[in-house]
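Here is the structure we will look at.
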Amino acid sequence: MWIPRRLCFQNLRDAGLPFVYKRVLSHWCHTSPSRLFVQHSYFSDFANMEDNLGDMGFYSPNPNVRGMTCLNRKAFNKTIQVPVLKVKKEIINKLMKSLKHRLIQRPSLKRVIEDTKDDVNKLVILDPFKIKSVHSFEEGDFLLFKQFDINPQVFQHELELTYENFKCEEILRAVLPEGQDVTSGFSRVGHIAHMNLRDHQLPYRNLIGQVILDKNPGITSVVNKTNTIDSTYRNFQMEVLAGEDNMITKVKENHITYEFDFSKVYWNPRLGTEHERIIGNLKPGDILFDVFAGVGPFAVPAAKRNCVVYANDLNPESYKWLVHNCKLNKVDKKVQAFNTDGRDFIRTTIKSELLKYMKPLSAEQTNSCHVVMNLPALAVEFLDAFKELLEEEPSSNITFPTVHCYSFSKDDDPQKDVKERVEAVLGTKLETLTLHLVRNVAPNKEMICISFKMPGNVIFKRLPETDEPMSKRCRTDEENDVK
Ligand SMILES: C[S@@+](CC[C@H](N)C(=O)[O-])C[C@H]1O[C@@H](n2cnc3c(N)ncnc32)[C@H](O)[C@@H]1O
């Protein structure tokens, strides 16, 4: 049916369409009146769609899935109305890139579909939140349509969304009880997704695990933490929710590969920056003692920097993977690994090695010595093992080890709290130190790293008062300045 051009422009004026569109449409009036007729019918059709979009649940799956505990993927299917453009098959590829920001964004959804009633054109699915009507197009879009000789008319199309087209959170929100928190967050450790589900989510745990597995390529196992981390070895009790039961995994942190059994050792993917910060202070030839080494995230990179490393962990499994990771990263010659209690490690290995390295400080001696103690719940208490560690007081200036000790604090002033607790254990005031906030572990619980030079009056046996105070015979903290 032919629509007079005059009528067409009347409509455009009423609709307040952009100028460029008017020009393009004017072009269509000359060339393709029948298409213009379809355009005319557009305005009433899309009113419904706008109402539909007002509903927050536009992209939510079929509501019948609420309460599902055993995953039935087909039950999620839902039909929605979406805006489409009809585009000639031969120009689709050229057009797609330019039209990218106008297209529907849904997981695994084909944005170009066949039109069963039309051999010439295909349907390009537009983003219903961006293209509500022809008014939604911008000047650039109309120029594009003109360039490719495309009718800018927007049609509506019934589209069936399936399980594959919904996001993880949309699926879980549709299944779990209404109004309750839907947390689909997890820590990723190699192929393992590690969750910490709340009580109300537990009846749905296997479904949640399966959805996480389906929606995250590379994850082949989903586990849930079943206890708080209070075991000696800081590893979690965990339950496999979905996927394989294999907990031996491989991760990369700061370009270094580690392998370990996640069910038997401690690994926290949130500590990468802290490991890097400490290692960044080390120079080739420096000495590193790692009292609570885990599977090696301080020890291996320090050895890669050509430091001399002594690494210890009480957990036989951590020790096994520590040794493994040193070999894996070809630094086994630079790391001596120990499997003993941290206090014993300080009183035996650190004591004997420290004596060798605490040579009088001469002009040439530039290497420093560091002790890392990352067991935040307890490490401060282990500092007492340094008290009177060395019997013989040196007769000349020496360099003391820098200790990096980690602690949790729930205090209002966590840094002051950690400093005071360290001083209480050491029995001395620390004049030079740095306090670093590592991370917020939980609401009102911080993880702090305190770094300080071990004071001489702590590490050496206190001798009866002599004429010259010990502080004069040893380098002071200020002189050593914490690095
Ligand atoms: C918080 S993890 C830190 C591991 C590693 N340094 C890191 O940064 O990821 C603490 C480690 O201390 C070990 N550990 C616990 N108690 C210990 C003790 N008394 N002596 C030595 N190691 C201990 C645990 O097995 C665990 O590997």
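Every residue gets a Cβ built from N, Cα and C, even glycine.
Here TrEMBL flags 186-456 as domain 'SAM-dependent methyltransferase TRM5/TYW2-type'.
What TrEMBL records for H275, D313, L314, D341, G342, N374 is S-adenosyl-L-methionine binding site. For D341 (S-adenosyl-L-methionine binding site), the Cβ neighbour count at a 10 Å cut-off comes to 16, with all displayed protein chains included.
With H275, D313, L314, D341, G342, N374 listed as the residues that bind S-adenosyl-L-methionine, the site has a largest C-alpha separation of 22 Å. H275 (S-adenosyl-L-methionine binding site) has a Cβ environment of 22 other Cβ atoms inside 10 Å.
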